[in-house]
Amino acid sequence: MSSIKPWKPDCYNNHECCSFWADKGECQKNSKYMGTWCKASCKLCKTDYRLDLECNDRHEKCLHWAGQGECERNKFWMQENCRDACDRCYVGRSEVCIVERKNHYNLTGCKSKGCYNENICCSLWALNGECSKNRDWMACNCRVSCRICSLDIYEIGTCYDYHNQCREWASKGECKKNNWMLENCKSSCNSCFDLDQLKQALMLTALTLAQNS
């Protein structure tokens, strides 16, 4: 049975780190991504609730949605906007959102060089806290999303080829052989999915695996 998603008013953030990222200047640095996921914190619309409160429910139906299991099914949105109903008040947003960049990352065992995400799902994994939970693997495979390195041209959510040989590699069938291509050669591989589409794809994959297990 498919999940019934909570109704989402226009002026809401879609992740609990939005205010933290906005304070770091991400609304300007990564405007396309932030404009999609963090409209409220980037002041692209007007809220009818207190955005500065750490622990509150921003919609009258939060408790009902929580009782329907939406805190897990729609975790990103619910943990930001229904913190009280989802029992999320025990941890502050800043505690969740700070990635420990001071620590040295051992990248000597990484298979690929350069500043790239290795998988098209890196952005979602980073949003889910994997940069901290699974830091060694993510440091090798999702460097851009974990902010271990940065490229000026690398804007999450854009339909772009990040390497000048993408078209050539795609013509040789690499889009089907190499997951790296789907993330870094999006235009040539026709893999221009937004984060919501990726999330749905991951949910369908997990459901299929569960049914076949």
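In case you wondered, yes, glycine gets a Cβ from its N, Cα and C as well.
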Disulfide-linked residue for CYS45, taking TrEMBL as the record, within CYS11, CYS17, CYS82: CYS11
CYS110, CYS115, CYS185 - which one TrEMBL pairs with CYS149 by disulfide: CYS115
Member of CYS38, CYS42, CYS55, CYS131 annotated by TrEMBL as disulfide partner of CYS89: CYS55
Stretch in 11-45, 115-149, 159-192 most in contact with the domain 'ShKT' (55-89), if contact is a CB pair under 8 A: 11-45
Euclidean distance between Cα atoms of CYS45 (disulfide bond) and CYS149 (disulfide bond), Å: 31
Candidate disulfide-bonded residues CYS11, CYS45, CYS115, pick with smallest Cα gap to CYS89 (disulfide bond): CYS11
